[in-house]
Amino acid sequence: MHEMGIALQIAEIAKSAIPKTPADLKVKAVNLRVGKLTAIVPDSLRFCFEIVAKDTPLAEAELNIEEIPIVAVCKECYTETIITDADFSCEKCKSGKLDIISGRELTVSSIEVADPEEMKQAQKKSKKEK
């Protein structure tokens, strides 16, 4: 399962990208773009991320994954094809001579940080409920 190593890297990237102050800053979401060719299982990655995010500013963050399809351009007829199964061939001319133009991505596209005012209000609300 390579998802654990990837989750560790995502957590490190996210933690290094957020400001150090205020100390109680919370991350709401980490948004990823993941290509189908990476062979990442989204549910496994979310599970691993939850483990590595524990006791960090990422602990309550949602891991949003946008799956990027495998797209190739035929070297014979220049048709752009979305690859949906193991048959890596041009949908128009059936050639197997393709250049992959997307599907290998693994990118942290954005990180959403909780608004400090929202955090204060949520803390006040939780104190009142106790």
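The backbone N, Cα and C atoms fix where each Cβ goes, and this holds for glycine too.
Pulled from Swiss-Prot:
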- His2: Ni(2+) binding site (BINDING)
- Cys74, Cys77, Cys90, Cys93: Zn(2+) binding site (BINDING)
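Mapped onto this structure are the features recorded in Swiss-Prot.
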{"residue": "His2", "record": "Ni(2+) binding site", "CB count, 10 Å": "13"}
{"residue": "Cys74", "record": "Zn(2+) binding site", "CB count, 10 Å": "20"}
{"residue": "Cys77", "record": "Zn(2+) binding site", "CB count, 10 Å": "13"}
{"residue": "Cys90", "record": "Zn(2+) binding site", "CB count, 10 Å": "21"}
{"residue": "Cys93", "record": "Zn(2+) binding site", "CB count, 10 Å": "13"}
Distance, His2 (Ni(2+) binding site) to Cys77 (Zn(2+) binding site) (CA atoms, angstrom): 37
Structural state of Cys74 (Zn(2+) binding site), classified by DSSP into three states: strand
Conformational class of Cys90 (Zn(2+) binding site) under the three-state DSSP mapping: coil
Length of the line joining the Cα atoms of Cys74 (Zn(2+) binding site) and the residue listed as 'Ni(2+) binding site', in Å: 31
Output field, Zn(2+) shell: CB within 8 Å of site CB centroid, site Cys74, Cys77, Cys90, Cys93 dropped: Lys75, Glu76, Tyr78, Thr79, Thr81, Glu91, Lys92, Lys94, Ser95, Lys97
